[in-house]
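Trainee: Pasting the relevant annotations from TrEMBL:
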type     : residues  : note
DOMAIN   : B:1-244   : domain 'Heme-copper oxidase subunit III family profile'
TRANSMEM : B:30-52   : transmembrane segment
TRANSMEM : B:80-103  : transmembrane segment
TRANSMEM : B:115-134 : transmembrane segment
TRANSMEM : B:180-204 : transmembrane segment
TRANSMEM : B:225-243 : transmembrane segment
Amino acid sequence: MSQYQDNIAHGEHAHEGGMDKKAIWRVFGVLLALTCLEFLIALGFVHHWQILTKGALVNTIYIVLTLVKAYYIVAFFMHLKFEKSSFIVTVAIVFIFIIYFIVLMLVEGGFLAGAFQEHQLFPNK
Amino acid sequence: MSTTVSQLDKVKTGPWNGGKSPWNLEYGKIMMWFFLVGDAFTFSAFLVYYGAQRFSHPTWPDPDKIFQSIPGIADHGQPLVFVGLMTFILIMSSVTMVLAVEAGHRNQKNEVVKWMLWTILGGICFVGCQAIEWTHLHHMGFWFGKNPATGLEGDAIKTALLPYFTHDISYTSALQFANLFFTITGFHGFHVTVGIILNIIILFMTLNNTFENRGSYLMIEKVGLYWHFVDLVWVFVFTFFYLI
């Protein structure tokens, strides 16, 4: 048991993948920069200067920035990028279901928005 | 006489043929990952339902107009600034957590303790900010099953909700916004609270030389995974509740 753990511990060091202090602060810099960019868009471009209006374009930018941030957190802070590829696939593949669920429910929501307006209620009298 | 072993009798030595750790990961760490995947489904279900509600309502409150205060500094007119501070605190505490893990790899007990203390402090600050924000929203009239117009009649409803909408005003969507906001940020805050407790436990284990004697600071990594996941969820909550 203990020897097994030792092996694991050594193995972990073997594929450490270069997350030294410098790399950690670099990832932090990326996350901070992306968050600042989101605020620049939200407070600067949309709210203050009113160059952009809230809508599909701005929302797409926010979502892309969010996904990039999520990648950096999972890949580097959670160290997933440096695990064995079969483990990465095991953990990541289930998100296909989540993506499917997002599409499913948003389409449904959009349908309801139209359907409630188009078809009035008839009193049962 | 031939000594060739038939193909079937050969001892298999691939990574998945037993006797090896194919992922080279400790059991508890794999289980933490699988728990987090399950938790990701729970949070996704919440956020996807939020999205479905937003899509099914003809109008929705404007977050810029709801989250406008900086407690103790400005009561109005500062959209998103306070939540920006909360986001920064959580990212920062994620960084100090990785630094604790990194110090653990080098078996530097004192450094682990230092970074764990910063991480716990960040977590407590975040939950504190959230408590202040909840209190503020409660004063405005938002709560589970309640929005500022609850209990009013006729045009008073419109007047009460006017400050929070850019487009058409809807009592129902303001109510759904309040319910989903408190449920989802509440569930996230609960996760942060659990994370703080876990962090305090492993801080004491570190001080107690438990990991020193065990020869590995792997437990810091496992709790660290959980802590980063909480940060990850916040990234999404922040985008979908506050920005969009």
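Numbering starts at 1 and runs along the chain as it is shown here.
Here the Cβ of each residue, glycine as well, is placed from N, Cα and C on the backbone.
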Trainee: Which residues of the same chain, at least 6 past either end of the transmembrane segment (B:180-204), have a Cβ under 8 Å from a Cβ in it?
Mentor: 39, 42-43, 46-47, 49-50, 53, 90, 97, 113, 116-117, 119-120, 123-124, 126-127, 130, 134, 137, 142-144, 219-220, 223, 226-227, 230, 233-234, 237, 241
Trainee: What average pLDDT does the predicted model assign to the domain 'Heme-copper oxidase subunit III family profile' (B:1-244)?
Mentor: 93
